[in-house]
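Engineer: What Swiss-Prot records for this protein is below:
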- G10, A11, G12, K13, G14, T15, R127, K178: ATP binding site (BINDING)
- 30-59: region 'NMP' (REGION)
- T31, R36, G57, L58, V59, G85, F86, P87, R88, Q92, R139, R150: AMP binding site (BINDING)
- 126-142: region 'LID' (REGION)
Amino acid sequence: MRIILLGPPGAGKGTQSERIVERYRVPQLSTGDMLRAAVAAETPVGLEAKAIMESGGLVSDAIVVGIVADRIEEADAKNGFILDGFPRTVEQAKALDAMLAQKGIALDAVVEFVVDETALVGRIAKRAEETAARGQPVRKDDTPEVFKTRLDAYRKQTAPLSDYYAGTGLLRKIDGMKPIDVVTGDVTALLDGFRETASS
């Protein structure tokens, strides 16, 4: 099972990722973690990334795709993986598609968590209020203002991926505003359907 998770910040991707990992025993691949691991392991791509990061540059799409390519060759990813946080742009998606095609690997689905942005901002504001009421510090990115900025960035940069993957026939939308356990049930039903198709 090879899937990509899409959805704006606050849509519950992290929670659902954890549950997918637990149920299907496939690793969640975070580009940040993979980048750090490649740098620490001093792989050829990792050394290239390290030099760029040390000079204050941004790691190119080609390097990130190279790191993903190395990571999915590892034993724990042989039966599948979840990509969360990558790709972020249509260009990255195209580069990822080309790399997977070279390896003869096909994605099973791109799962997009669809949310009501107004309700999402309300949810974040409520969480910030409850945190402050408990006398705990509110995380900077948990304030409605910062959250709206993150939502705007997502809409501009990552939302076009929805159209791109819809065009490939891989996109599956799930209502991310339902209670967490209901969303998990919807995700499970979807992914179990793919497993049955693959094994029949």
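Cβ coordinates are placed from backbone N, Cα and C, and glycine is handled just like the others.
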Engineer: Using only C-alpha positions, which one of G57, F86, R88 is spatially nearest G14 (ATP binding site)? These are the binding-site residues in the record.
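Structural biologist: For G14 (ATP binding site), the closest Cα among G57, F86, R88 is found at F86.
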Engineer: When the Cα-Cα distance from G10 (ATP binding site) is computed for each of the binding-site residues G57, F86, R139, which gives the smallest value?
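Structural biologist: That would be R139, the closest of G57, F86, R139 to G10 (ATP binding site).
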Engineer: Counting distance between Cα atoms, which of the binding-site residues T31, G57, V59, F86 is nearest K13 (ATP binding site)?
Structural biologist: F86
Engineer: Give me the CA-CA distance between R139 (AMP binding site) and R127 (ATP binding site), in Å, as a whole number.
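Structural biologist: Just about 10 Å between their Cα atoms.
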Engineer: When a 10 Å sphere is centred on the Cβ of R139 (AMP binding site), how many other Cβ atoms does it contain?
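Structural biologist: If we count other Cβ atoms within 10 Å of R139 (AMP binding site), we arrive at 11.
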Engineer: Report the DSSP secondary-structure composition of the region 'NMP' (30-59) as helix, strand and coil residue counts.
Structural biologist: 22 helix, 1 strand, 7 coil
